[in-house]
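What Swiss-Prot records for this protein:
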type	residues	note
ACT_SITE	His608	active site, proton acceptor
BINDING	His317, His319, His586, Asp663	Zn(2+) binding site
BINDING	His319, Lys388, Phe389, Asn390, Ser391, Lys392, Tyr393, Glu589, Asp664, Pro665, Met666, Gln667	substrate binding site
MOD_RES	Ser85	phosphoserine
MOD_RES	Ser107	phosphoserine
REGION	89-111	region 'Disordered'
REGION	181-205	region 'Disordered'
Amino acid sequence: MPRQFPKLNISEVDEQVRLLAEKVFAKVLREEDSKDALSLFTVPEDCPIGQKEAKERELQKELAEQKSVETAKRKKSFKMIRSQSLSLQMPPQQDWKGPPAASPAMSPTTPVVTGATSLPTPAPYAMPEFQRVTISGDYCAGITLEDYEQAAKSLAKALMIREKYARLAYHRFPRITSQYLGHPRADTAPPEEGLPDFHPPPLPQEDPYCLDDAPPNLDYLVHMQGGILFVYDNKKMLEHQEPHSLPYPDLETYTVDMSHILALITDGPTKTYCHRRLNFLESKFSLHEMLNEMSEFKELKSNPHRDFYNVRKVDTHIHAAACMNQKHLLRFIKHTYQTEPDRTVAEKRGRKITLRQVFDGLHMDPYDLTVDSLDVHAGRQTFHRFDKFNSKYNPVGASELRDLYLKTENYLGGEYFARMVKEVARELEESKYQYSEPRLSIYGRSPEEWPNLAYWFIQHKVYSPNMRWIIQVPRIYDIFRSKKLLPNFGKMLENIFLPLFKATINPQDHRELHLFLKYVTGFDSVDDESKHSDHMFSDKSPNPDVWTSEQNPPYSYYLYYMYANIMVLNNLRRERGLSTFLFRPHCGEAGSITHLVSAFLTADNISHGLLLKKSPVLQYLYYLAQIPIAMSPLSNNSLFLEYSKNPLREFLHKGLHVSLSTDDPMQFHYTKEALMEEYAIAAQVWKLSTCDLCEIARNSVLQSGLSHQEKQKFLGQNYYKEGPEGNDIRKTNVAQIRMAFRYETLCNELSFLSDAMKSEEITALTN
């Protein structure tokens, strides 16, 4: 059956939900001050009057419930369901026999979903004994039954919306969450079905630059409508507007779904419920750590050959133009000046310029340069000044040196930049255990950017087994429009995505781009999130082909149209047996909380995510959906948030899927191994244990664009399975106790949602 995008109508949205969503957007647009704009979504930390009034309201609700016969019946039915859930989540304890022996009874329990015909078989994995924390009672949320059921059902609906968008774009969605939501294929589909398709690395005897394996051309036609590229089998189909059978997104449906999430994050009972659950998760981890820290440490000590230094780590968020540290850049500049000062490196007004003349024009001698005079490091002056931070990409404040050393398109064809990237790659290969995912820019000014970038990659032989590439699209349409480089926003989207569709449909005609795309694993959306936009994105927003103003579209507008085209492209590439792409935008570093709502629907994973701390509902949803978050505390420390206030440790303890990344080593780091610098500082400041560090490292590999074969090699054959069954301690150095705790805790939280849905069914049957 062909995959289709399920459409909804705006009239199907509850009027109250729609008005609330519009109120949220209007609030964000009206108030530039971030604290005021976030007031709708935050739970006040210190407001005695507000807390007292809230407690009074809760008490009145509790007293009213005690007198209600109907509520008593519902409580009784829910108590039965909850008792069953708790008994299933607590496997019996036995002596640990060690990793080689299988003991099914010791495995964390797989969920029993509504409508399941039989109990799922527990994972055949041995588990060491450890101390568990459980809470029993009528309902464990600490709020009234009515509020609990309302919150749980709303959260379940939000997760179902997320699952719909993830599956349509071949993004990842946790199988365990899908099981609890009652997805019909969750029990029958093979565990590896939901994995993204990344091209495996070439074998040692294979040429990574071979152009002869392109599949045959299909000669489909591609036409943009409303900012989205549609594929047609032939000219006749195009004339009749009958596109190829692929899922094409619908803006009205997206607006409906976004309205539900926006209304949810402002709902009082849901905010209270999520706030309590998040506090519980953090407290539960503290208790787990207190009770089982030594048991975890004993597990790691008995694990031969593996420690923190020789587990694989991936830098999941790093920009190629700043992937080297400042000393590396300085050394390279001096080396090129000493070895080839008379080489022609630029052309200005028809006059060729040598490297010596470039520095003479800047009135400087490279011999006298220091890391301080190079001035590429971010400091105190860049805090909350993204404009000053961007200027740090210009060595010595000279854009000429940036164009010469840090660009792929210049007189030398990006040779110097390629050489530096290859030096960084060589250091990664020597370290053996470190990988990175550098971002390369595509601006959308011209469709020639793609073939030029592919040529740069092949011409300078930039491939490295320790690197996977991500394409970042800066949100700077307003700059190009003001310079008359683009007629409308639709043209920018066409320049970004049309070459990819052509290379997918007719790879024989675009061999270089087809080859380059094998090593590209995702797309990123980048720029200063704190920029204010006066436009409220909705189904009434102008189409990209009529967005001709010099005003930049809002963040949500960018994300929807990038996701829409990536979704269609992924389905086309999957049909052809080619690799697919993940959407991994910068999100939640600054700006509006609505950015995180857009990413919840459209992104596979995000970078930064700091603003999740401001919204308990979104933070809890990101936890339940296990959305990967690449965090860069040293980068944030120089730009938006002091290191001590960074929520990474808090997110890790609660169980969010976080990894450590460097962002821009040139601006923020001092050592040659920037990623190890991140881990070392985090470990010292937050007193992270070895198990914590290895868990973060394992998360980074899971989040990354490394292929299925590589992840099996680095994490274990069953890495895609959830819980201890998917963990091979011999490769990850993550204690099975920790994996069991994470899995059982997630199952427990998800069971609250499924129990609420079951209680509704039982109540309906008894009435």
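Placement of Cβ uses the backbone N, Cα and C atoms for every residue, glycine included.
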By CA-CA distance, flag whichever of His608, Asp664, Met666 among the recorded positions is nearest to His319 (Zn(2+) binding site). Asp664
Which one, from the recorded positions His317, His319, His586, His608, has the smallest tally of other C-beta atoms lying within 10 Å of its C-beta? His319
Can you check which residues sit near Asp663 (Zn(2+) binding site), meaning Cβ under 8 Å from its Cβ, same chain, 6 or more apart in sequence, and list them in order? His317, Ile318, His319, Ala322, Ser607, Ser632, Leu634, Ser635
So which other residues, same chain and not among His317, His319, His586, Asp663, have a Cβ within 8 Å of the centroid of the Cβ atoms at the Zn(2+) site? Ile318, Arg439, Asp524, Val526, Ser607, His608, Ala630, Ser632, Ser635, Ser661, Asp664
Report, in whole Å, the straight Cα-to-Cα distance of Met666 (substrate binding site) from the residue listed as 'active site, proton acceptor'. 18
Other CB atoms within 10 A, centred on Met666 (substrate binding site): 26
How many Å separate the Cα atoms of Met666 (substrate binding site) and His586 (Zn(2+) binding site)? 19
Within 10 Å of the Cβ of Asp664 (substrate binding site), how many other Cβ atoms can be counted across all chains shown? 26
Asp664 (substrate binding site) to His586 (Zn(2+) binding site): how many Å between their Cα atoms? 13
